[in-house]
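As recorded in TrEMBL, the features of this protein are as follows:
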type: BINDING; residues: Asp131, Leu132, Thr133, Arg158, Gln174, Asp178, Arg294, Tyr298, Tyr299; note: L-histidine binding site
type: DOMAIN; residues: 62-384; note: domain 'Aminoacyl-transfer RNA synthetases class-II family profile'
type: SIGNAL; residues: 1-27; note: signal peptide
Amino acid sequence: MPQLGLLPRRAWAALLSQLLRPPCASCTRAVRCHSQVAEAVLTSQLKAHQEKPNFIIRTPKGTRDLSPQQMVVREKILDLVVSCFKRHGAKGMDTPAFELKEMLTEKYGEDSGLMYDLKDQGGELLSLRYDLTVPFARYLAMNKVKKMKRYHVGKVWRRESPTIVQGRYREFCQCDFDIAGQFDPMIPDAECLKIMCEILNGLQLGDFLIKMAWKDVRHEMVAKKGLAPEVADRIGDYVRCHGGESLVKQMFQDPRLSQNKQALEGLGDLKLLFEYLTLFGIAKKISFDLSLARGLDYYTGVIYEAVLLHTPTQAGEEPLSVGSVAAGGRYDGLVGMFDPKGHKVPCVGLSIGVERIFNIVEQRMKTFGEKVRTTETQVLVATPHKNFLHERLKLIAELWDAGIKAEMLYKNNPKLLTQLHYCESTGIPLVVIVGEQELKEGVVKIRSVASREEVAIKRENLVAEIQKRLSES
(Lines of atoms letter the chains of each structure in order from A and count residues from 1; the text may use other names and numbers.)
(Lines give C-alpha, C1' and ligand atoms only; values in the text may rest on other atoms or scores of the structure.)
Protein backbone atom coordinates (compact mmCIF):
# COMPACT_ATOMS: atom_id res chain seq x y z
CA MET A 1 0.00 0.00 0.00
CA PRO A 2 1.35 3.49 -0.76
CA GLN A 3 2.17 5.93 2.02
CA LEU A 4 -1.29 7.40 2.41
CA GLY A 5 -0.10 10.18 4.67
CA LEU A 6 1.97 11.58 1.80
CA LEU A 7 -0.82 11.64 -0.79
CA PRO A 8 -1.85 15.03 -2.23
CA ARG A 9 -5.25 16.41 -1.20
CA ARG A 10 -6.90 15.59 -4.57
CA ALA A 11 -5.61 12.02 -4.43
CA TRP A 12 -7.00 11.69 -0.91
CA ALA A 13 -10.46 12.82 -2.05
CA ALA A 14 -10.49 10.46 -5.02
CA LEU A 15 -9.31 7.52 -2.90
CA LEU A 16 -11.84 8.08 -0.12
CA SER A 17 -14.69 8.49 -2.62
CA GLN A 18 -13.85 5.07 -4.03
CA LEU A 19 -13.37 3.47 -0.64
CA LEU A 20 -16.64 4.80 0.78
CA ARG A 21 -18.74 4.02 -2.31
CA PRO A 22 -21.67 1.70 -1.42
CA PRO A 23 -20.82 -1.92 -2.30
CA CYS A 24 -22.82 -3.94 -4.81
CA ALA A 25 -25.24 -6.49 -3.44
CA SER A 26 -23.29 -9.41 -4.84
CA CYS A 27 -20.15 -8.55 -2.83
CA THR A 28 -20.65 -9.71 0.78
CA ARG A 29 -17.12 -8.78 1.85
CA ALA A 30 -16.91 -5.29 0.37
CA VAL A 31 -18.13 -3.49 3.47
CA ARG A 32 -15.58 -5.25 5.60
CA CYS A 33 -12.76 -4.47 3.11
CA HIS A 34 -13.76 -0.84 2.85
CA SER A 35 -13.88 -0.41 6.59
CA GLN A 36 -10.44 -2.00 6.99
CA VAL A 37 -8.89 0.36 4.43
CA ALA A 38 -10.64 3.37 5.97
CA GLU A 39 -9.31 2.32 9.37
CA ALA A 40 -5.79 2.11 7.92
CA VAL A 41 -6.21 5.65 6.52
CA LEU A 42 -7.27 7.01 9.90
CA THR A 43 -4.47 5.15 11.67
CA SER A 44 -1.93 6.66 9.26
CA GLN A 45 -3.31 10.14 9.92
CA LEU A 46 -3.27 9.65 13.70
CA LYS A 47 0.28 8.36 13.56
CA ALA A 48 1.38 11.44 11.59
CA HIS A 49 -0.20 13.71 14.20
CA GLN A 50 1.41 11.76 17.03
CA GLU A 51 4.85 12.10 15.44
CA LYS A 52 4.54 15.83 14.76
CA PRO A 53 5.69 17.01 18.25
CA ASN A 54 9.03 15.27 17.64
CA PHE A 55 9.55 17.09 14.34
CA ILE A 56 12.66 19.33 14.43
CA ILE A 57 12.36 22.62 12.57
CA ARG A 58 15.66 23.36 10.85
CA THR A 59 17.24 24.38 7.56
CA PRO A 60 18.83 21.75 5.29
CA LYS A 61 22.47 20.92 5.93
CA GLY A 62 24.82 23.46 4.38
CA THR A 63 22.21 26.23 4.19
CA ARG A 64 21.16 29.04 6.50
CA ASP A 65 18.67 31.83 7.03
CA LEU A 66 19.89 35.42 7.14
CA SER A 67 18.39 37.73 9.74
CA PRO A 68 17.55 41.37 8.93
CA GLN A 69 20.77 42.41 10.70
CA GLN A 70 22.80 39.98 8.61
CA MET A 71 21.11 41.12 5.41
CA VAL A 72 22.19 44.71 6.07
CA VAL A 73 25.84 43.61 6.28
CA ARG A 74 25.51 41.31 3.27
CA GLU A 75 23.92 44.00 1.10
CA LYS A 76 26.70 46.46 1.96
CA ILE A 77 29.28 43.91 0.82
CA LEU A 78 27.37 43.18 -2.39
CA ASP A 79 26.86 46.88 -3.11
CA LEU A 80 30.61 47.50 -2.86
CA VAL A 81 31.40 44.55 -5.12
CA VAL A 82 28.79 45.37 -7.77
CA SER A 83 29.69 49.08 -7.80
CA CYS A 84 33.28 48.07 -8.61
CA PHE A 85 32.11 45.81 -11.44
CA LYS A 86 30.01 48.64 -12.87
CA ARG A 87 32.90 51.09 -12.52
CA HIS A 88 34.82 48.86 -14.92
CA GLY A 89 32.01 48.84 -17.48
CA ALA A 90 30.39 45.47 -16.81
CA LYS A 91 26.77 44.73 -17.74
CA GLY A 92 24.52 42.75 -15.40
CA MET A 93 22.90 39.48 -16.48
CA ASP A 94 21.20 36.41 -15.04
CA THR A 95 20.70 32.77 -16.00
CA PRO A 96 18.26 30.09 -14.75
CA ALA A 97 18.95 28.54 -11.34
CA PHE A 98 18.88 25.13 -13.04
CA GLU A 99 20.24 23.96 -16.39
CA LEU A 100 19.83 20.94 -18.59
CA LYS A 101 22.11 18.34 -17.04
CA GLU A 102 23.79 17.69 -20.38
CA MET A 103 24.86 21.36 -20.45
CA LEU A 104 26.79 20.93 -17.19
CA THR A 105 28.27 17.44 -17.47
CA GLU A 106 31.93 17.05 -18.44
CA LYS A 107 32.60 20.69 -17.54
CA TYR A 108 33.73 20.22 -13.95
CA GLY A 109 35.79 17.02 -14.06
CA GLU A 110 35.75 15.17 -10.74
CA ASP A 111 33.56 17.89 -9.22
CA SER A 112 30.65 16.85 -11.48
CA GLY A 113 29.65 14.41 -8.74
CA LEU A 114 28.87 17.38 -6.50
CA MET A 115 26.06 18.70 -8.69
CA TYR A 116 22.49 18.63 -7.41
CA ASP A 117 20.38 16.64 -9.90
CA LEU A 118 16.63 17.21 -10.08
CA LYS A 119 14.05 14.53 -10.78
CA ASP A 120 12.80 14.03 -14.34
CA GLN A 121 10.63 17.03 -15.18
CA GLY A 122 8.53 16.26 -18.24
CA GLY A 123 11.34 14.49 -20.05
CA GLU A 124 14.11 16.96 -19.11
CA LEU A 125 17.01 15.94 -16.88
CA LEU A 126 18.00 19.02 -14.91
CA SER A 127 20.67 20.06 -12.42
CA LEU A 128 21.03 23.10 -10.20
CA ARG A 129 23.81 25.35 -11.43
CA TYR A 130 27.18 24.56 -9.87
CA ASP A 131 28.71 27.95 -10.64
CA LEU A 132 28.00 31.03 -12.78
CA THR A 133 30.80 30.48 -15.30
CA VAL A 134 29.49 27.48 -17.23
CA PRO A 135 26.00 29.03 -17.67
CA PHE A 136 27.73 32.18 -18.95
CA ALA A 137 29.67 30.15 -21.51
CA ARG A 138 26.44 28.42 -22.54
CA TYR A 139 24.79 31.84 -22.95
CA LEU A 140 27.63 33.10 -25.17
CA ALA A 141 27.52 30.02 -27.41
CA MET A 142 23.72 29.88 -27.61
CA ASN A 143 23.39 33.56 -28.53
CA LYS A 144 26.55 33.64 -30.68
CA VAL A 145 28.02 36.45 -28.59
CA LYS A 146 31.70 37.04 -29.39
CA LYS A 147 32.47 39.91 -27.05
CA MET A 148 31.03 40.80 -23.64
CA LYS A 149 32.00 42.23 -20.26
CA ARG A 150 29.50 41.08 -17.67
CA TYR A 151 28.87 40.66 -13.96
CA HIS A 152 26.51 38.19 -12.34
CA VAL A 153 25.40 37.83 -8.72
CA GLY A 154 23.42 34.70 -7.91
CA LYS A 155 23.10 31.55 -5.84
CA VAL A 156 24.78 28.27 -6.75
CA TRP A 157 24.55 24.80 -5.21
CA ARG A 158 27.23 22.18 -4.50
CA ARG A 159 26.63 18.85 -2.78
CA GLU A 160 29.81 18.85 -0.73
CA SER A 161 30.55 18.55 2.98
CA PRO A 162 29.86 22.00 4.40
CA THR A 163 32.17 23.64 6.93
CA ILE A 164 30.18 26.60 8.17
CA VAL A 165 33.06 27.97 10.26
CA GLN A 166 35.13 28.46 7.10
CA GLY A 167 32.25 29.90 5.12
CA ARG A 168 31.62 26.78 3.00
CA TYR A 169 27.98 26.00 2.26
CA ARG A 170 25.96 23.83 -0.09
CA GLU A 171 23.94 26.86 -1.15
CA PHE A 172 25.89 30.07 -1.49
CA CYS A 173 26.13 33.33 -3.40
CA GLN A 174 28.71 34.01 -6.10
CA CYS A 175 29.73 37.40 -7.50
CA ASP A 176 31.40 36.98 -10.89
CA PHE A 177 33.04 39.37 -13.34
CA ASP A 178 34.12 38.12 -16.77
CA ILE A 179 35.56 39.51 -19.99
CA ALA A 180 34.79 37.49 -23.12
CA GLY A 181 36.35 38.20 -26.50
CA GLN A 182 39.55 38.26 -28.53
CA PHE A 183 41.77 41.07 -27.24
CA ASP A 184 45.46 41.91 -27.09
CA PRO A 185 47.35 39.72 -24.61
CA MET A 186 47.13 40.24 -20.86
CA ILE A 187 45.11 43.50 -20.86
CA PRO A 188 41.85 41.84 -19.67
CA ASP A 189 43.81 39.59 -17.29
CA ALA A 190 45.49 42.58 -15.67
CA GLU A 191 42.15 44.36 -15.27
CA CYS A 192 40.64 41.34 -13.51
CA LEU A 193 43.50 41.37 -11.02
CA LYS A 194 43.06 45.12 -10.57
CA ILE A 195 39.34 44.64 -9.83
CA MET A 196 40.16 41.96 -7.26
CA CYS A 197 42.54 44.35 -5.49
CA GLU A 198 40.05 47.23 -5.57
CA ILE A 199 37.33 45.12 -3.95
CA LEU A 200 39.54 43.65 -1.23
CA ASN A 201 40.99 47.06 -0.42
CA GLY A 202 37.48 48.53 -0.26
CA LEU A 203 36.25 45.83 2.11
CA GLN A 204 39.13 46.58 4.51
CA LEU A 205 39.62 42.96 5.50
CA GLY A 206 43.34 43.35 6.18
CA ASP A 207 46.43 42.71 4.09
CA PHE A 208 46.11 40.19 1.26
CA LEU A 209 48.13 38.54 -1.49
CA ILE A 210 47.03 37.26 -4.89
CA LYS A 211 48.77 33.98 -5.70
CA MET A 212 49.22 32.67 -9.24
CA ALA A 213 49.69 28.97 -9.96
CA TRP A 214 53.14 28.34 -11.45
CA LYS A 215 52.11 24.88 -12.70
CA ASP A 216 49.59 26.45 -15.05
CA VAL A 217 52.06 29.07 -16.25
CA ARG A 218 54.63 26.34 -16.95
CA HIS A 219 52.06 24.23 -18.82
CA GLU A 220 51.10 27.16 -21.02
CA MET A 221 54.74 27.96 -21.80
CA VAL A 222 55.54 24.37 -22.75
CA ALA A 223 52.31 23.36 -24.49
CA LYS A 224 51.39 26.60 -26.24
CA LYS A 225 54.67 28.50 -26.58
CA GLY A 226 56.81 25.42 -27.35
CA LEU A 227 59.29 26.12 -24.54
CA ALA A 228 61.60 23.24 -23.67
CA PRO A 229 60.61 21.65 -20.33
CA GLU A 230 64.10 22.08 -18.92
CA VAL A 231 64.04 25.80 -19.71
CA ALA A 232 60.63 26.10 -18.05
CA ASP A 233 62.02 24.35 -15.00
CA ARG A 234 64.86 26.85 -14.91
CA ILE A 235 62.27 29.60 -14.74
CA GLY A 236 60.58 27.63 -11.99
CA ASP A 237 63.78 27.82 -9.94
CA TYR A 238 63.34 31.59 -9.87
CA VAL A 239 59.71 31.24 -8.87
CA ARG A 240 60.75 29.25 -5.80
CA CYS A 241 62.98 32.08 -4.64
CA HIS A 242 61.18 35.13 -5.91
CA GLY A 243 57.44 35.47 -6.19
CA GLY A 244 56.77 39.10 -7.04
CA GLU A 245 57.55 41.75 -9.62
CA SER A 246 61.33 41.31 -9.18
CA LEU A 247 60.92 37.84 -10.67
CA VAL A 248 60.67 39.07 -14.26
CA LYS A 249 63.73 41.32 -14.00
CA GLN A 250 65.91 38.59 -12.55
CA MET A 251 64.88 36.07 -15.18
CA PHE A 252 65.75 38.43 -18.03
CA GLN A 253 69.15 39.06 -16.47
CA ASP A 254 69.97 35.35 -16.53
CA PRO A 255 72.00 34.69 -19.73
CA ARG A 256 70.70 31.10 -19.92
CA LEU A 257 67.22 32.55 -20.38
CA SER A 258 67.84 35.88 -22.08
CA GLN A 259 69.88 34.21 -24.85
CA ASN A 260 67.23 31.55 -25.45
CA LYS A 261 64.74 32.70 -28.09
CA GLN A 262 62.07 30.26 -26.97
CA ALA A 263 62.49 31.32 -23.37
CA LEU A 264 62.07 34.98 -24.29
CA GLU A 265 58.91 34.19 -26.21
CA GLY A 266 57.61 32.12 -23.33
CA LEU A 267 58.29 34.91 -20.89
CA GLY A 268 56.77 37.58 -23.13
CA ASP A 269 53.22 37.37 -21.81
CA LEU A 270 54.49 37.12 -18.26
CA LYS A 271 56.60 40.24 -18.70
CA LEU A 272 53.68 42.03 -20.31
CA LEU A 273 51.34 41.12 -17.47
CA PHE A 274 53.69 42.46 -14.82
CA GLU A 275 54.20 45.66 -16.81
CA TYR A 276 50.45 46.26 -16.73
CA LEU A 277 50.20 45.29 -13.06
CA THR A 278 52.96 47.78 -12.26
CA LEU A 279 51.10 50.53 -14.14
CA PHE A 280 47.98 49.63 -12.17
CA GLY A 281 50.01 49.89 -8.96
CA ILE A 282 49.28 46.34 -7.79
CA ALA A 283 52.36 44.34 -8.86
CA LYS A 284 53.48 43.95 -5.24
CA LYS A 285 50.21 42.19 -4.46
CA ILE A 286 50.90 39.38 -6.98
CA SER A 287 53.05 36.33 -6.28
CA PHE A 288 53.63 32.93 -7.89
CA ASP A 289 52.90 29.96 -5.68
CA LEU A 290 54.11 26.44 -6.47
CA SER A 291 51.58 24.94 -4.06
CA LEU A 292 48.50 26.49 -5.64
CA ALA A 293 46.43 23.72 -7.20
CA ARG A 294 44.51 24.01 -10.45
CA GLY A 295 40.85 24.79 -9.88
CA LEU A 296 38.00 23.54 -12.05
CA ASP A 297 38.77 21.60 -15.20
CA TYR A 298 37.69 24.34 -17.62
CA TYR A 299 40.62 26.63 -16.75
CA THR A 300 43.11 26.77 -19.61
CA GLY A 301 45.66 29.37 -18.50
CA VAL A 302 46.89 31.14 -15.42
CA ILE A 303 44.68 30.81 -12.34
CA TYR A 304 44.90 33.00 -9.27
CA GLU A 305 43.35 33.31 -5.86
CA ALA A 306 43.43 35.98 -3.17
CA VAL A 307 44.20 35.01 0.41
CA LEU A 308 44.23 37.14 3.53
CA LEU A 309 47.66 37.26 5.11
CA HIS A 310 45.81 37.63 8.37
CA THR A 311 42.38 38.64 9.50
CA PRO A 312 42.28 41.97 11.33
CA THR A 313 44.32 41.40 14.51
CA GLN A 314 42.80 43.70 17.03
CA ALA A 315 42.54 43.14 20.76
CA GLY A 316 40.09 40.40 21.66
CA GLU A 317 39.59 39.16 18.10
CA GLU A 318 40.30 35.53 17.32
CA PRO A 319 41.87 34.66 13.94
CA LEU A 320 39.47 33.09 11.44
CA SER A 321 40.74 30.69 8.79
CA VAL A 322 38.57 31.01 5.69
CA GLY A 323 40.91 30.09 2.83
CA SER A 324 40.77 32.14 -0.34
CA VAL A 325 38.39 35.11 -0.51
CA ALA A 326 38.51 35.54 -4.31
CA ALA A 327 39.69 33.49 -7.29
CA GLY A 328 39.74 33.51 -11.05
CA GLY A 329 41.55 32.64 -14.22
CA ARG A 330 41.42 32.16 -17.98
CA TYR A 331 39.12 29.62 -19.67
CA ASP A 332 39.55 30.02 -23.42
CA GLY A 333 38.04 26.65 -24.41
CA LEU A 334 34.80 26.54 -22.41
CA VAL A 335 32.53 28.35 -24.89
CA GLY A 336 33.78 26.07 -27.68
CA MET A 337 32.52 23.05 -25.73
CA PHE A 338 28.96 24.30 -26.32
CA ASP A 339 29.39 25.46 -29.92
CA PRO A 340 28.50 22.76 -32.52
CA LYS A 341 31.49 23.79 -34.63
CA GLY A 342 33.79 24.25 -31.66
CA HIS A 343 34.25 27.99 -32.19
CA LYS A 344 36.13 29.38 -29.20
CA VAL A 345 35.60 32.67 -27.40
CA PRO A 346 38.55 33.50 -25.11
CA CYS A 347 37.40 34.38 -21.58
CA VAL A 348 38.95 35.49 -18.32
CA GLY A 349 37.19 36.27 -15.07
CA LEU A 350 37.08 36.30 -11.31
CA SER A 351 34.72 35.38 -8.50
CA ILE A 352 34.45 37.06 -5.09
CA GLY A 353 33.94 34.75 -2.09
CA VAL A 354 30.99 36.59 -0.55
CA GLU A 355 30.17 33.96 2.08
CA ARG A 356 33.70 33.82 3.44
CA ILE A 357 34.01 37.59 3.46
CA PHE A 358 30.66 37.84 5.23
CA ASN A 359 31.88 35.43 7.93
CA ILE A 360 34.92 37.62 8.60
CA VAL A 361 32.89 40.83 8.80
CA GLU A 362 30.22 39.18 10.96
CA GLN A 363 32.78 37.82 13.41
CA ARG A 364 34.40 41.24 13.68
CA MET A 365 31.05 42.86 14.45
CA LYS A 366 30.22 40.27 17.13
CA THR A 367 33.62 40.66 18.78
CA PHE A 368 33.35 44.43 19.10
CA GLY A 369 29.62 44.61 19.67
CA GLU A 370 28.90 46.63 16.53
CA LYS A 371 25.23 47.21 15.80
CA VAL A 372 23.53 47.84 12.47
CA ARG A 373 20.23 49.44 11.56
CA THR A 374 17.89 47.01 9.89
CA THR A 375 15.82 49.74 8.22
CA GLU A 376 16.60 53.00 6.46
CA THR A 377 13.63 54.91 7.89
CA GLN A 378 14.38 58.63 8.15
CA VAL A 379 11.21 59.99 9.75
CA LEU A 380 8.51 58.74 12.12
CA VAL A 381 5.14 60.49 11.92
CA ALA A 382 3.80 60.75 15.50
CA THR A 383 1.10 62.41 17.58
CA PRO A 384 0.56 63.02 21.32
CA HIS A 385 -3.24 62.98 21.02
CA LYS A 386 -6.05 60.56 20.29
CA ASN A 387 -8.08 60.48 17.07
CA PHE A 388 -5.24 61.81 14.89
CA LEU A 389 -4.83 58.76 12.66
CA HIS A 390 -6.19 60.56 9.58
CA GLU A 391 -3.75 63.45 10.02
CA ARG A 392 -0.85 61.03 10.38
CA LEU A 393 -1.92 59.18 7.26
CA LYS A 394 -2.05 62.41 5.24
CA LEU A 395 1.38 63.48 6.51
CA ILE A 396 3.09 60.16 5.84
CA ALA A 397 1.59 59.94 2.34
CA GLU A 398 3.07 63.35 1.57
CA LEU A 399 6.49 62.23 2.80
CA TRP A 400 6.35 58.99 0.80
CA ASP A 401 5.35 60.86 -2.35
CA ALA A 402 8.39 63.11 -1.87
CA GLY A 403 10.69 60.07 -1.71
CA ILE A 404 11.29 60.35 2.05
CA LYS A 405 11.58 57.06 3.97
CA ALA A 406 8.94 57.28 6.69
CA GLU A 407 7.02 55.10 9.14
CA MET A 408 4.19 55.35 11.65
CA LEU A 409 2.93 52.98 14.32
CA TYR A 410 -0.05 50.86 13.30
CA LYS A 411 -2.31 51.97 16.15
CA ASN A 412 -5.18 54.44 16.22
CA ASN A 413 -4.04 56.12 19.43
CA PRO A 414 -0.41 55.27 20.26
CA LYS A 415 1.24 56.88 23.28
CA LEU A 416 3.83 59.53 22.44
CA LEU A 417 6.42 57.93 24.69
CA THR A 418 5.98 54.62 22.86
CA GLN A 419 6.51 56.35 19.53
CA LEU A 420 9.67 58.11 20.73
CA HIS A 421 11.08 54.89 22.20
CA TYR A 422 10.51 53.21 18.84
CA CYS A 423 12.64 55.87 17.15
CA GLU A 424 15.46 55.43 19.65
CA SER A 425 15.47 51.64 19.42
CA THR A 426 15.46 51.58 15.60
CA GLY A 427 17.74 54.57 14.95
CA ILE A 428 15.19 56.82 13.23
CA PRO A 429 16.74 60.32 13.34
CA LEU A 430 13.66 62.58 12.97
CA VAL A 431 10.09 62.70 14.28
CA VAL A 432 7.29 64.75 12.74
CA ILE A 433 4.70 65.53 15.42
CA VAL A 434 1.17 66.74 14.75
CA GLY A 435 -1.39 67.47 17.49
CA GLU A 436 -4.37 69.67 18.27
CA GLN A 437 -2.34 72.88 18.71
CA GLU A 438 -0.24 72.26 15.59
CA LEU A 439 -3.37 71.59 13.55
CA LYS A 440 -4.96 74.89 14.68
CA GLU A 441 -1.81 76.90 13.88
CA GLY A 442 -1.12 75.18 10.53
CA VAL A 443 2.29 73.93 11.67
CA VAL A 444 4.04 70.66 12.53
CA LYS A 445 6.92 69.99 14.89
CA ILE A 446 10.17 68.37 13.80
CA ARG A 447 12.00 66.65 16.63
CA SER A 448 15.62 65.53 16.53
CA VAL A 449 15.80 62.16 18.26
CA ALA A 450 19.48 62.61 19.16
CA SER A 451 19.29 66.12 20.68
CA ARG A 452 15.55 66.04 21.59
CA GLU A 453 15.19 69.55 20.21
CA GLU A 454 11.85 70.47 18.64
CA VAL A 455 11.15 73.16 16.04
CA ALA A 456 7.75 74.26 14.72
CA ILE A 457 7.55 74.92 10.98
CA LYS A 458 4.76 75.75 8.60
CA ARG A 459 2.89 72.73 7.29
CA GLU A 460 3.62 73.58 3.65
CA ASN A 461 7.38 73.73 4.35
CA LEU A 462 7.57 70.25 5.92
CA VAL A 463 9.03 68.33 2.97
CA ALA A 464 11.64 70.98 2.12
CA GLU A 465 12.77 71.24 5.76
CA ILE A 466 13.16 67.49 6.17
CA GLN A 467 15.06 67.17 2.89
CA LYS A 468 17.37 69.96 4.03
CA ARG A 469 18.07 68.27 7.37
CA LEU A 470 18.67 64.88 5.79
CA SER A 471 21.12 66.36 3.26
CA GLU A 472 23.11 67.97 6.09
CA SER A 473 23.32 64.83 8.23
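Cβ from N, Cα, C; glycine included.
All TrEMBL annotations are machine predictions without curation.
Neighbour density for Thr133 (L-histidine binding site): within 10 A of its CB lie 26 other CB atoms from the protein chains shown. There are 20 other Cβ atoms within 10 Å of the Cβ belonging to Asp131 (L-histidine binding site). Summarised as a single figure, the pLDDT of the domain 'Aminoacyl-transfer RNA synthetases class-II family profile' (62-384) averages 86.
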